[in-house]
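Some notes on the structure that comes next.
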Amino acid sequence: MGLWFTEKQTENFGITAKVNRTHHTEQTDFQKLDMVETAEWGNMLLLDDMVMTTEKDEFVYHEMVAHVPLFTHPNPKKVLVVGGGDGGVIREILKHPSVEKAVLVDIDGKVMEYSKKYLPTIAGKLSDPRVEVRVADGFVHIAESKKAYDVIMVDSTEPVGPAVNLFTKGFYAGIANALKDDGLFVAQTDNPWFKSDLIRQVFQDVAEIFPVTRLYTANIPTYPSGLWTFTLGSKIHDPLKVKEERFFDIETKYYTKDLHFASFVLPKFVKDLTDK
Ligand code: SAM
């Protein structure tokens, strides 16, 4: 029979994965943390019984959160990741030579600790000299930051527990203050099959604060419904107007220059969520 982990994505639907062994399990000060080895997806980080990242499909999410906003900005130097304690977004950010400083603010130090131990291909760059890791509430860090960042990426858990505030209009207004005059940000905004109200609300809130607001998608097999969305808010730079000469070769397995633009072409039922 063996051990199987099941994530209930809705009351009536979920995904299940065969587990070879449990590396670590604990209730931290903020959430339940499990690190397991699965037969199909390699090592997998779970928080509050939700899949956060797996060794086999993590590259999709991390490349799309990082490269779409970083190529949209003409010269990103100082970058912030809110959440992202597994280190995957940081790994991708460091592929951009213009980046001088990448700050990661995650509320739970245990995530970084066990990601370094059991997800070295994802967390391996957290100790890079260009990286500053802070264990703190991202909501507070944003409120205390003024015109500090070129690009901000919100790689948070879903809007439960410590991450509830990270999906509020107040937080997005704080991000606008924390960004420089030509700054932009992106946030993971869940899936359109089970969380359409959340996407509609977040997109509307961001569009009332940022002149350029866009939604893009990616296929992430271990995330609810497999179709994930990202909401981008920008003060000036438009991801659909990035010039040819801005792109340079980087090592990726999902993100490409063509996909950069194609990821904003939305199926009708998803596009409808962005309509006023
Ligand atoms: N990619 C995953 C997803 O889309 O579901 C998220 C991965 S990342 C591990 C999520 C991180 O957000 C966790 O490490 C969690 O500790 C962090 N987090 C949750 N609420 C936070 C807050 N208020 N401030 C900073 N980090 C927070």
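Quick reminder: no glycine exception, Cβ is built from N, Cα and C everywhere.
All TrEMBL annotations are machine predictions without curation.
For 2-235, the entry in TrEMBL reads domain 'PABS'. Annotation comment: TrEMBL describes Q31, D106, D137, G138, P162 as S-methyl-5'-thioadenosine binding site. Among the features that TrEMBL reports, spermidine binding site is placed at H62, D86, D155, S156, T157, E158. The active site, proton acceptor annotation in TrEMBL covers D155.
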D86 (spermidine binding site) sits from D106 (S-methyl-5'-thioadenosine binding site) (Cα to Cα, rounded, in Å) at a distance of 9
Between the C-alpha atoms of Q31 (S-methyl-5'-thioadenosine binding site) and E158 (spermidine binding site), the distance in angstrom, to the nearest integer, is 12
Per DSSP (helix/strand/coil reduction), D137 (S-methyl-5'-thioadenosine binding site) sits in coil
Within the same chain, the residues at least 6 apart in sequence whose Cβ is under 8 angstroms from that of G138 (S-methyl-5'-thioadenosine binding site) are V82, G83, V105, D106, I107, V154, S156, L166
Rounded to a whole number of Å, the separation of the Cα atoms of D155 (spermidine binding site) and P162 (S-methyl-5'-thioadenosine binding site) comes to 13
Smallest number of other CB atoms within 10 Å: among the binding-site residues D155, E158, that is E158
